[in-house]
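Enquirer: Pasting a structure here, questions to come.
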Amino acid sequence: MNDRTAYTGIDYFRLGAALLVIAIHTSPLASISEGADFFLTRIAARVAVPFFMMASGFFLISQYAFDNRKLKTFLKKTAVIYGISILVCLPLNLYNGYFSGAHLLPKLLQDLIFDGTLYHLWYLPASMLGAGIAWLAVRKLGLKKALLTALLLYGIGLFGDSYYGLAAGISPLNGFYGQLFEVMDYTRNGLFFAPVFFVMGGMAAEECARGKGCPLQSAGAGFFLSFLLMCWEGTLLHGAGIPRHDSMYLFLLPCMYFLFRLLIAWRGSRREGLRTCALVLYIIHPVLIVGVRLGAKLSGLEKLLIENSLVHFLAVVLLSAAVAVGAAALSKRRKRNRGISRVPGKERAWIELDLDNLRHNAETLKKAMQPGCELMAVLKAQAYGHGMYETAVTLARMGVRAFAVATIEEGIRLRRYGISGEILILGYTHPERAGELAGYDLTQTLIGYQYARLLNRQRRPVKVHIKVDTGMHRLGFDKEDAEKIVRVCSMRNLNIQGIYTHLCAADSLKQEDVGFTEGQIGSFYELLGMLEENGISIPKVHIQSSYGLLNYPELSCDYVRAGIALYGVYSSLGAQTRLDLDLRPVLSLKSRVVLIRHIEKGESVGYGRAFTAHRESRIAVLPAGYGDGLPRNLSAGRLKAVIRGQSAPVVGRICMDQLMVDITGIEGVCVGDTATLIGRDNKLQVRAEDLAERGESITNELLSRMGERLVRTTAGA
Ligand SMILES: *Cc1c(COP(=O)(O)O)cnc(C)c1O
């Protein structure tokens, strides 16, 4: 799992769906049996277009993915594809006399919006309209009400499509649909058909983000059953002569629901090319249908290529596929030239995440907490260098519902990853960003009275936690300031959800530090008592961070804000804690040997000639440096890489992008060998605590500096 989560099932089914659309337009089974043809093209293949729409909705709409830019990009991209498709298909329009009909302008407008300028192109304007409607509805009404609205629209569409015969017999309805069909050819369009599938796609994404899913067996059984029912429905309606058109069935909805659950269960590596292939198949095939017909006429092969419907279908598929594969290859090449590509297994230096250990740590912390207390996972600074996306998604999937970050940008980022639940911003946010706080449903820390007043003045309802300074003297209301906090509680636009303080010496078990910490805790509860006397009780109360839990586990709060312990390391070496938990490191840092050189006795290595060989030496160059978060003060042997299970000390100074290690005593080192800088290689383990100590810092700093340049790979995903 990485930032480009791979839904292999969706990728593959794109291809299947494109083939189904070609089948609709070529009727492969027509020359075999009328019944089989009806079943394939009028019923079974009807899952294709809804699938495309759900897939778009899945990546576009989920409750918190209210990122306007995403919608804009989608609309722009679809509009461009629509434009190109119109141009590609223009010869066909010319050929079939499109432009010589009467009322050209209104017809053109109607087609552009609803019906498409060629029969299959309706899908593109429908996607734009449907996506827009669904997105707005979800934003304004929430997912559930948006679904109801979209279902209502679908219902109206239904009676203009497969159930038209029923509506046509009732006079006001008859009139209504009469009017409707003045403006559109079918109800199977962006207004009545598409929105529901976009919303359903969004709901599936929301489920995924929460780690809830439909068990595979029930999805399979559900799909099978609803597909059968849809076949029955289609046959029945057809037999009774009710449909005006046969795109919209009642059972198409559950059918799509379960089909999509089946597809998202199949995860693996991403198949980007399939997406382009499917799209090109979709756009180009009508042109090639005509091409095949023309070719058959010219070569006299009509009997084979046209009259045999199956061969005709295959010919169209093969030709379209050839074009599609070519186009996909071209687009891949373009992307590669334009974008930055990370080639898995070929990184210069990378972080390996053990997500099983992350899950284990979260469980271990939860078990150590008092009953009723919840884990608030602290994900600031790229989750202490571990990568916010990987950690957030893993924790959300296992049911963690509260997160803390340092900045509003980090909070928004979490929402864009589809994280729901509470997100508390621990630090300062400019009060004028209250709109974003409200829009993304983020909870802001009130860092003081003046700040609270400014935030309240923005007239946007914002969720907040009150921070109390009990002795750290960093952020927060003064612990004596009950009166000001009472005033804050009556501010109209501040929705007070919690109150907390932060301990500044909880990691130390020295007597004076314990005394100080107990003082902090005591005065915090005293303040809560005073508030209560004023009739104020605040829902969530929290005090402990990692060491707060490890050394003061008896405190009974609503949250533990755990950072460093979640990542399975202690802040520093040899710190005694009252709880002794089995926490396991999540992060390893690795690089590889890219060059080996021989150094004569007396020659120097690196900047400032800080290292001089006292013997003939072999030196390996590793492409990782302080630009990747390895502190420069770990130079000259303080950092030791593990190569082939043996320790290789850094020689000379660590550079921004490179470091050099001495491998003289290690047998058989080759270019390409992995070098472990943090983590385990066979029996040797380099602990983050150890490195932090040598660098005269703590792991919190060491890890959180492994910011952006390192690639992250995952195990246990
Ligand atoms: C960073 C932070 C935490 C997490 O601290 P750890 O020691 O990493 O668990 C908790 N609370 C606040 C206010 C913080 O800033």
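Note: Cβ is positioned from N, Cα and C throughout, glycine not excepted.
Those TrEMBL annotations? Automatic predictions, nothing curated.
From TrEMBL, for reference:
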type: TRANSMEM; residues: 12-31; note: transmembrane segment
type: TRANSMEM; residues: 43-66; note: transmembrane segment
type: TRANSMEM; residues: 78-99; note: transmembrane segment
type: TRANSMEM; residues: 119-138; note: transmembrane segment
type: TRANSMEM; residues: 150-170; note: transmembrane segment
type: TRANSMEM; residues: 190-209; note: transmembrane segment
type: TRANSMEM; residues: 221-242; note: transmembrane segment
type: TRANSMEM; residues: 248-266; note: transmembrane segment
type: TRANSMEM; residues: 278-298; note: transmembrane segment
type: TRANSMEM; residues: 310-330; note: transmembrane segment
type: MOD_RES; residues: K380; note: N6-(pyridoxal phosphate)lysine
type: ACT_SITE; residues: K380; note: active site, proton acceptor
type: BINDING; residues: R474, M656; note: substrate binding site
type: DOMAIN; residues: 586-715; note: domain 'Alanine racemase C-terminal'
type: ACT_SITE; residues: Y607; note: active site, proton acceptor
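What's the neighbourhood like for each of these?
Expert: Remote same-chain residues near the transmembrane segment (190-209) are listed as 50, 53-65, 113-114, 125-131, 133-135, 137-138, 143, 146-147, 149-151, 153-154, 156-157, 160, 184, 247-248, 253, 256-257, 260-261, 264, 393, 396, 417-420 (criterion: CB distance under 8 Å, separation of at least six residues from the stretch ends).
Nonlocal intrachain contacts for the transmembrane segment (248-266), taken as residues 6+ away from its ends with a CB within less than 8 angstroms of a stretch CB, comprise 7-10, 12-13, 43, 46-47, 50-51, 54, 58, 151, 154, 157-158, 161-162, 187-188, 192-193, 196-197, 200-201, 204, 208, 213-214, 216, 219-220, 222-223, 226-227, 229-230, 233-234, 237.
Long-range contacts of the transmembrane segment (310-330) within the same chain: residues 19, 22-23, 26-29, 31-32, 273-274, 276-278, 280-281, 284-285, 288-289, 291-292, 304, each at least 6 residues beyond the stretch ends and with a Cβ under 8 Å from a Cβ of the stretch.
DSSP assigns K380 (N6-(pyridoxal phosphate)lysine) to a helix.
Less than 8 angstroms from the CB of K380 (N6-(pyridoxal phosphate)lysine) sit A404, V405, A406, T407, E410, L426, G563, S704, each of them six or more residues away in the same chain.
The DSSP secondary structure for M656 (substrate binding site) is coil. Under 8 Å, Cβ to Cβ, and six or more positions away along its own chain, M656 (substrate binding site) finds G625, Y626, G627.
Mean pLDDT for the domain 'Alanine racemase C-terminal' (586-715) in the predicted structure: 94.
Counting only same-chain residues at least 6 apart in sequence, those with a Cβ under 8 Å from the Cβ of Y607 (active site, proton acceptor) are G652, R653, C655.
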Enquirer: Which residues, sitting 6 or more apart from R474 (substrate binding site) on the same chain, put a CB under 8 Å from its CB?
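Expert: Sequence-distant Cβ neighbours: H502, C504.
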Enquirer: Relative to the transmembrane segment (221-242), which of 12-31, 150-170, 278-298 accounts for the most Cβ pairs at distances under 8 Å?
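Expert: Answer is 150-170, with the largest number of Cβ pairs below 8 Å.
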Enquirer: Within the same chain, where does the transmembrane segment (150-170) have neighbours whose Cβ lies under 8 angstroms from its own Cβ atoms, ignoring anything closer than 6 residues to its ends? I mean 6 or more beyond.
Expert: 133-134, 137, 176-177, 180-181, 186-189, 191-193, 195-196, 198-199, 233-234, 237, 240-250, 253
Enquirer: Which residue counts does DSSP give the domain 'Alanine racemase C-terminal' (586-715) for helix, strand and coil?
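Expert: Tallying H, G and I as helix, E and B as strand, the rest coil: 22 helix, 51 strand, 57 coil.
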